Amino acid sequence: MKTSVSSIISFLFLSFLLVVVAALAGDFNQEFDVTWGDGRVKILENGQLLTLSLDKTSGSGFRSKRQYIFGKIDMKIKLVPGNSAGTVTTYYLSSLGPTHDEIDFEFLGNLSGDPYILHTNVFTQGIGDREQQFYLWFDPTKDFHTYSILWNPRSIIFSVDGTPIRQFRNLEASRGIPYPKNQPMWIYSSLWDAEDWATRGGLVKTDWSQAPFIASYRNFNAQACIWSSGSTSSCSRNSTANSWITESLDNSGQARIKWVQKNYMVYNYCTDIKRFPQGFPLECSLN
């Protein structure tokens, strides 16, 4: 059955407990659990700084304590400096299971002096294959930069330092294109070795003499709805604090996306004729 945006929003307010949270400069001790890495995740500065480490033995990762169903998520990240070839730093939302939904930022390392590739993807009902990749217009290893995911019933918007780089609109009701709307998701991040594919298709391998590789995180902020079954919602459409739940790109935002995609996009599944010889996915002509 097709579902309108307004129906989705109404469902949020009637079906389950959704609590708006604003975790400004969130404490990593309070907001996240270490999921793997055997001591390679460090939380410092009274919970305000988190670092992930990768060496030849293992990478590391963490996951939010809460699940979210729609939200505006910000994280400041400083990526692995120097020769980061073969490494991947991830920051994403995901549910679980074979029909999971997922919203991805992945940062593909490179040789010293060569740019990182920012890889994005959207999974709906277990199906991804919606990759778009970008160079950044700054060195992401010199300082912290803000990487944001806005996920609401209207669209998913990826942004870097407040500049939108990609939008995936909810066209499920009008065109039958699946959209993440029912599955609560955790926030994940990890640093791991992917030398078999990450840099130039695996041609450039990880230089373990540069280990440990370290990525750093600050200023987690979630304006979001926390999933908890069994009660009513406190996510009010009428609250100005929750304006993100109906937020969409204005003309300025659309212009900035076009600027980024014209100048910094290096791969777009919607233009990969070899991959889709029978025709591009429907959303390519609509998003």
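Backbone N, Cα and C atoms are what each Cβ position is placed from, and that goes for glycine too.
Just so it is clear, the model here is predicted, and its values are computed rather than measured.
The following features are taken from TrEMBL:
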- E102: active site, nucleophile (ACT_SITE)
- E106: active site, nucleophile (ACT_SITE)
- E106: active site, proton donor (ACT_SITE)
- 22-217: domain 'GH16' (DOMAIN)
- N110: N-linked glycosylation site (CARBOHYD)
- 1-23: signal peptide (SIGNAL)
Between the residue listed as 'N-linked glycosylation site' and E102 (active site, nucleophile): CA-CA distance (Å): 25
Integer mean pLDDT for the domain 'GH16' (22-217): 95
Neighbour count (Cβ, 10 Å) for E106 (active site, nucleophile): 19
All-chain count of other Cβ atoms within 10 Å of N110 (N-linked glycosylation site): 20
Packing count at E102 (active site, nucleophile) (other Cβ atoms within 10 Å of its Cβ): 19
